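Written out below as structure tokens is the structure these notes cover.
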Amino acid sequence: MQLSLGPVLYNWAPERWRDFYFRIADEAPLDVVSVGEIVCSKRSPFFADHIPAVVERLQNAGKQVLLGSLILVSLRRERRQTEELAAVEGAMVEVNDLTCLRALAGRPHAIGPFVNIYNEASAAFHVAHGAKRICLPPELPLASVAAIAKAIPDVTTEMFAFGRVPLAISARCYHARLHKLAKDNCRFVCEKDPDGLLLNTLEQQDFLTINGVQTLSHTCANLLGEAGLLHESKVGSLRLSPQDCDMVEIARIFRDVLNGRDDADGGNRRLAAAYPGVPFSNGFLWAEPGHLYHRARAGDMQGVAPKIGAV
Amino acid sequence: MMELICPAGTPAALRSAIDAGADAIYCGFNDETNARNFPGLNFSRDEMRKSIALAHGRGARVLVAINTFPRASAVEIWHRAVDDAVSAGADALILADIGLMDYTARRHPSQRLHVSVQAAAANPDAIAFYAETFGAKRVVLPRVLSVPEIAEITRESACETEVFVFGGLCVMAEGRCSLSSYATGKSPNMQGVCSPPSHVTYEQTAEGTKSSLGGFAINRFAATEPAGYPTLCKGRFSTAQGAGYIFEDPVSLDATTLLKGLRDAGVTALKIEGRQRGRAYVESVVRHFRHALAALESGSEADIASLKPFTEGQASTLGAYRKTWR
């Protein structure tokens, strides 16, 4: 079972962003790292200068690097950005919007969790057009995941296994709207919330997270307890999505459980300590409301842990 | 003249839409293959055949929406819907799933194919991909675009464009939203429902009527306020930066005053949302737009009767078409 790191979704200060990846390169037990600004094209220029050094450092550390494409492409500048990304020599693009596919024209690529693949026929279509890795939508239940992964055995199927769950993307920026600013003059207010902005119900129940044009869950996806089941279902990679916490430690916890050095319960305790105050969720995988978390089912993992260590 | 595309949730609504002047009606089968999968709504196979024959007899076209994403291991249910719609004489199929488009283009190469708004084709490159790969003849554009953006896309588009002019307004990119299933387990993409009534509750509290979805409070109304339906993204929430309608006010789209701009932009067809709405809605809204289009054509002033009774929260907006927030 591989471990991958999704792109940073929040607006982090550029130096912090760079240093985060340097440390990930040096210390995190990850196989694949996807980088690039995929949420808001206005943020991209801040990171552009650091990308070459980050990619080099990650590759030198033996990690496969994917370049993530924008989730929502509408402006001319965003189309150009997407086209340029597809033209980068020798790079593996992670497609987050079909806009990319035309420019990629069948060249090998990865598919991110923002592309709608709900069934084996769609997955097969993408494989026939050059997809080598597919991270499935977080909304999918286990039965669908298993059916899709089984149908595309030559491709690495991945599940979103840690991090706040991306739920929606919009042309409108909710950070700007909240600060009574126009999107074109947003003053990058989203940088004040490196782990997103909490949205409560009127009864003060924690509900969602706002990240500019993106809306995520308040809960943190945690499929550590389902890793064994996912492995049996031919899922070949688990994706960790960066939050404002020690992601090297998060990667170590997942690796330890996959290798059988720790069990799921122990791993869950360590995850809760590493990313405190944010409840876990795994409801989507069980075809239930996405915010729910079934601790009981986490026990399914025990006994199969040593088996998935053999990667 | 731009085509007027009207919703029908029942054969009766389809007849009303034709009577009111629809050029084409879009509808779906009564199962999970379409994005308005509500109880008591939509067409049986037999109703679809008869309705298409009736529409054709009266010079109207029927577009069949098969616009959810097929469930893994059950794709044949969607294949059967495609096959049955083709054999019933559908003038076009409105599809969202790439695998289903692939199937349709191979199995029924002469069938006209439209790209559903659920496929989220928001720029000319994505549209060209669908046109080149599956021979799509028309794309339904997302409701997140402004009129100048629609004009630019239409100019460069590899196929016809269709835009929404009235009805429910998604502020999130359509077909890419799991908010509903996060709260309820049911989503537009998978079950064809958003914020489903089965998961809605209303409760009287000291502060007024509280509406909830899947156990999450979505809104609260004072005794003097009408209690609106708790569509998740139209709810009142709170953040450290303030409370209120964080995503969008509970308003409906009404682009009546933008018809000239849309025509000049080269848009082929105008779409009215609301297959879940009754005959009265269909009849009034279709008549209104038929009248507005006739006025546009003759260069006369349209008598724009208010459609307020048919809008969400009795309020309407030009939506993203006038992008005040850009």
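Every residue gets a Cβ built from N, Cα and C, even glycine.
Here TrEMBL has A:CYS173, A:CYS186, A:CYS190 binding [4Fe-4S] cluster, and the candidate from A:CYS40, A:CYS100 in that same listed site is A:CYS40. Look at the binding-site residues A:CYS40, A:CYS186, A:CYS190 and count other Cβ atoms within 10 Å of each Cβ; A:CYS186 has the fewest.
Look at A:CYS40 ([4Fe-4S] cluster binding site): DSSP puts it in coil.
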